[in-house]
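*Asks:* In case it's useful when we look at the structure, here is the feature table from TrEMBL:
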type	residues	note
ACT_SITE	B:Glu291	active site, 5-glutamyl coenzyme A thioester intermediate
BINDING	B:Gly266, B:Val267, B:Gly268, B:Ser269, B:Val270, B:Asn381, B:Gly385, B:Lys405	CoA binding site
DOMAIN	B:14-218	domain 'Acetyl-CoA hydrolase/transferase N-terminal'
DOMAIN	B:332-466	domain 'Acetyl-CoA hydrolase/transferase C-terminal'
2 protein chains.
Amino acid sequence: MANELNKVLRCEALKDKIVTAEEAASWIEDGMSLGLSGFTLSGDAKAVPLALAERGKKEKLKVNVFTGASLGPNVDELMAEEDMINLRIPYQGNPAMRGKINSGESFYIDQHLSHTAEWVRQGVIGPIDYAIIEAAAITEDGQIIPTGSVGNSPIFVENAKHVIIELNVNVPAEYEGLHDIFIPAKQGERKEIPVYSVTDKIGTPGIKVDPEKVRGIVITEKGDIPSPIVPPDEETQEIANNLLDFFRDEIKKGRMDETLMPLQSGVGSVANAVLDGMRTSEFKDIEVYSEVLQDAIFDLIDDGVVKFASATSLTLSKKRLDSLQEDIGKYRDKLVFRPQEVSNHPEVIRRLGIISFNTALELDIYGNVNSTHVSGTRMMNGIGGSGDFARNARIAIFVTKSYAKGGDVSSIVPFCSHVDHTEHDVDVIVTEQGYADLRGLAPRQKAEALIEHCAHPDFKDELRDYFNRAKDQVGGQTPHILEEALSWHVNLAKNKTMHKEAPVQK
Amino acid sequence: MANELNKVLRCEALKDKIVTAEEAASWIEDGMSLGLSGFTLSGDAKAVPLALAERGKKEKLKVNVFTGASLGPNVDELMAEEDMINLRIPYQGNPAMRGKINSGESFYIDQHLSHTAEWVRQGVIGPIDYAIIEAAAITEDGQIIPTGSVGNSPIFVENAKHVIIELNVNVPAEYEGLHDIFIPAKQGERKEIPVYSVTDKIGTPGIKVDPEKVRGIVITEKGDIPSPIVPPDEETQEIANNLLDFFRDEIKKGRMDETLMPLQSGVGSVANAVLDGMRTSEFKDIEVYSEVLQDAIFDLIDDGVVKFASATSLTLSKKRLDSLQEDIGKYRDKLVFRPQEVSNHPEVIRRLGIISFNTALELDIYGNVNSTHVSGTRMMNGIGGSGDFARNARIAIFVTKSYAKGGDVSSIVPFCSHVDHTEHDVDVIVTEQGYADLRGLAPRQKAEALIEHCAHPDFKDELRDYFNRAKDQVGGQTPHILEEALSWHVNLAKNKTMHKEAPVQK
């Protein structure tokens with residue numbers, strides 16, 4: 001049930017620029033830099049990258065790919081498999097792309113998601129040869145209306161030499177009006193980002209583009225790739241319960257009421273379980289100022305628990321994607337999509353007093369968090385917006401199961417094999433065992449709280465043993481025995497377990 | 001040449017509250033929390049802490065001490081020596097205090113300097129029983145005019161149960177008008193911090209206080225402790241030259257002009273040498289948006305190179321302190337002192353596009369920086385404002401000599417023994433060997449640049465050897481051999497050198 005083309009392509013100056021994806025892809029040359037729409041597989045350019053990947057099968061063609069965040073398979077899978085990506089910024093989540101990154105065949109800059117726009121603006125990266133942007137419509141005055149994400153599209157369009165628009169005629173017309181496009185001026189000439197409340201709209205409904213810069217418009221119909229929703233297991237549910245208990249304790253201490261403060265949540269099963277747990281809780285009139293909206297946020301809006309949600313992107317199940325095709329219009333007064341530079345801006349996050357919760361891969365006994373690197377070396381996905389939020393949030397919470405690999409790996413280790421969030425930026429840790437509020441604690445106190453409340457019982461004795469010996473033998477503000485600090489990871493690589501000796505019974 | 005008391009104590013309601021330091025100190029009870037003025041030994045409360053330290057010799061008296069940053073000897077030395085400090089926040093730099101922290105006898109929270117005010121406001125720390133604030137004057141309407149620093153005094157006064165003012169009658173009257181006191185509202189009710197240019201004044205000249213809350217006024221005459229100025233050695237001078245060359249290259253690339261962007265500089269000999277180098281350079285009309293002003297900034301103002309400087313504190317030589325006693329008035333239109341919550345606020349730092357340079361203790365081959373912990377365990381001073389600035393700066397620069405301990409220690413190591421600034425937040429490294437611009441580079445490229453341009457020649461081969469073997473044997477986004485990663489530090493502890501084998505010739 002595609003939209004009539006004249007209803008979505010309304011800019012006269014652009015009506016004669018329709019080309020095939022193949023033709024548009026033919027303009028791209030080896031060594032160019034591309035700025036692509038897309039964030040968490042939502043609103044990504046699809047047709048031109050696919051045609052480009054086809055070219056990559058036959059010719060040597062390697063480009064730099066800058067995006068909002070993770071893209072669908074046409075870029076991060078197909079183009080990676082054809083070895084077409086020289087440099088990838090700022091986030092990805094695809095096994096093929098990850099493989100190329102970890103083998104050193106592609107360069108990857110794992111960047112805070114609010115920073116890429118500044119680099120483009122300053123000329124640290126780029127110039128961007130082509131911005132390729134998915135659109136729901138092009139307005140009379142040449143504004144590009146984005147689809148399921150805004151991401152970095154505005155800054156790419158502003159700075160690109162040429163723009164290619166993928167006009168997706170299968171996107172509900174009601175997407176128009178859901179976006180709020182605001183581009184900060186250069187540093188030094190910039191005023192405030194005037195978002196004082198989650199609901200404030202400060203920009204235009206679309207991305208303004210000089211029609212002269214638009215080289216081609218490709219008509220598409222293909223939808224976003226849905227995200228699988230992993231139902232919570234028992235431990236994920238426990239993490240969610242513990243996090244909600246932390247909120248309750250903050251309320252008891254008089255630091256907030258049951259409307260909390262605006263929430264940012266990472267993506268995944270824990271976030272889904274937490275948000276799900278709020279459906280039947282005492283929390284109410286919740287505001288969300290986040291990066292990505294999952295199904296659970298829409299459920300909470302439907303239930304009247306969340307009153308407004310601001311983000312830069314969606315990541316949804318097939319079921320919710322399908323239903324939004326029909327009913328996105330009903331969320332008109334409940335939603336806004338902003339550029340990631342604004343959704344993740346330190347100014348707004350600090351001003352609004354966001355409570356952020358994101359997933360940790362591992363953490364150490366002093367509360368330093370690794371979000372990205374398995375055993376210090378192999379990239380998983382990237383830091384994403386977790387640093388943007390944790391660093392400037394009112395309360396920066398990290399969640400993780402206390403163990404992994406069936407009990408052979410402790411998520412709490414003596415020493416992190418990689419640090420993405422330092423102890424200065426980590427406020428609360430939540431596992432299925434409980435939570436540790438690290439605020440107001442010195443490092444030695446943090447270690448005691450983390451071992452006591454968050455570590456898995458099978459690892460508590462070994463963690464305590466390390467900590468006590470480090471205090472006795474070495475001392476200091478953050479006692480460590482450097483000979484042993486990374487021995488848990490070394491042991492894991494050699495013996496498939498972090499335990500010094502195999503537990504008596506598995 | 002003390003000021004006449006009636007000229008500086010102008011608030012009628014407070015004139016009968018003069019007490020001795022001993023009496024004021026007698027009000028303080030074991031277990032209380034104190035909020036003290038003072039930052040880099042400037043503008044610190046002096047008389048009441050001294051009287052308190054005297055009490056500590058005779059009785060058990062342990063308190064929590066919250067400040068702006070480092071204080072003079074009356075607190076961080078005398079009180080620490082008497083074991084009177086339970087918890088210290090957010091920064092210190094005194095050997096006695098450091099000793100108590102590293103032995104675990106005092107708890108220390110090493111906090112970003114812009115964050116303490118938020119914790120006080122939210123009730124995460126406190127309540128503050130007594131704010132003890134040095135003042136140059138108390139105005140007719142009860143505003144406390146600070147002296148050589150603002151620090152956290154405004155938030156301490158706002159939140160304390162009681163206030164004690166140390167009215168220093170030896171401070172030049174011209175201090176009045178140099179401060180700009182602005183206290184953000186609670187998160188959720190807050191508007192922007194309306195600093196759009198380094199020169200903007202947005203608040204009041206003093207800290208408003210309810211006279212009812214002022215329990216006593218202590219008249220003092222003692223000046224701040226001067227800071228020794230270490231003249232640059234050859235290598236410090238080389239670091240400065242390399243940093244200025246980096247600025248020149250940015251100008252060549254068209255990213256800024258010779259007025260640069262507003263500068264933040266850490267304290268110390270490198271900062272002094274850099275600033276000194278600017279005196280005879282092509283750079284002009286420089287603005288400073290920093291935390292602490294050293295002598296060199298005043299020299300640059302005198303020379304007409306710096307046109308305006310904003311900070312929260314001073315750290316000056318005896319010579320400059322003495323001359324300011326006479327001529328501080330002439331800097332009236334060139335200076336402003338703000339609360340550290342504003343001088344270090346992410347919103348303002350990101351908006352203005354600050355270039356920050358701070359000192360690293362060590363860094364690893366991928367650009368993670370340790371600012372605080374010797375061999376991962378022993379606290380030096382603290383992170384200070386380096387994180388506030390680096391995380392939100394336009395360009396975050398860290399400087400260090402490439403070696404220490406006469407060549408036995410490499411400042412660039414395979415793996416940091418502690419991380420305060422992650423690779424996501426570190427843009428440029430400068431040593432006496434050269435500089436590495438890490439922006440736009442993936443980790444493996446960063447390693448090559450750092451080893452090539454910044455490492456000491458005596459360590460280059462060993463660093464390359466580690467990096468190459470890590471790539472070959474392990475691979476990944478940031479290749480590491482975890483068995484070896486901390487071996488340089490372990491070797492240093494055992495053999496007094498990071499070199500695997502003793503160099504042939506020392």
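Just so you know, glycine gets a Cβ as well, placed from its N, Cα and C.
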*Asks:* How big is the Cα-to-Cα gap, in Å, between B:Gly266 (CoA binding site) and B:Glu291 (active site, 5-glutamyl coenzyme A thioester intermediate)?
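*Replies:* Here the two Cα atoms lie 8 Å apart.
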*Asks:* Pull the DSSP breakdown for the domain 'Acetyl-CoA hydrolase/transferase C-terminal' (B:332-466) and write it out as helix, strand, coil residue counts.
*Replies:* 45 helix, 38 strand, 52 coil
*Asks:* Quick one: of B:Val267, B:Val270, which of the binding-site residues has the smallest count of other CB atoms within 10 A?
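*Replies:* It is B:Val267 that, of the binding-site residues B:Val267, B:Val270, has the fewest other Cβ atoms within 10 Å.
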*Asks:* Which one, from the binding-site residues B:Ser269, B:Asn381, has the smallest tally of other C-beta atoms lying within 10 Å of its C-beta?
*Replies:* B:Asn381
*Asks:* What does DSSP call the residue listed as 'active site, 5-glutamyl coenzyme A thioester intermediate' in the simple three-state scheme?
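*Replies:* Its secondary structure by DSSP: coil.
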*Asks:* Whole number in angstrom, please: the longest C-alpha to C-alpha distance across B:Gly266, B:Val267, B:Gly268, B:Ser269, B:Val270, B:Asn381, B:Gly385, B:Lys405 for CoA.
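*Replies:* Max Cα-Cα spread across the CoA binders: 26 Å.
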*Asks:* Relative to the Cβ position of B:Lys405 (CoA binding site), how many further Cβ atoms are located within 10 Å?
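*Replies:* Taking all protein chains shown, B:Lys405 (CoA binding site) has 11 Cβ neighbours within 10 Å.
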*Asks:* With Cβ-Cβ distance below 8 Å and at least 6 positions apart along the chain, what are the contacts of B:Glu291 (active site, 5-glutamyl coenzyme A thioester intermediate)? List them in sequence order.
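*Replies:* Once residues fewer than 6 apart are set aside, B:Glu291 (active site, 5-glutamyl coenzyme A thioester intermediate) is near B:Leu113, B:Gln264, B:Ala311, B:Thr312, B:Ser313, B:Gln340, B:Ser343, B:Asn344, B:Gly384, B:Gly385, B:Asp388, B:Phe389.
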*Asks:* Which residue, out of the binding-site residues B:Gly266, B:Gly268, B:Gly385, shows the minimum number of other Cβ atoms inside 10 Å of its Cβ in this structure?
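*Replies:* Checked B:Gly266, B:Gly268, B:Gly385; of these binding-site residues, fewest Cβ neighbours within 10 Å: B:Gly268.
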*Asks:* For B:Ser269 (CoA binding site), just give me the three-state DSSP call.
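*Replies:* SS state of B:Ser269 (CoA binding site) = helix.
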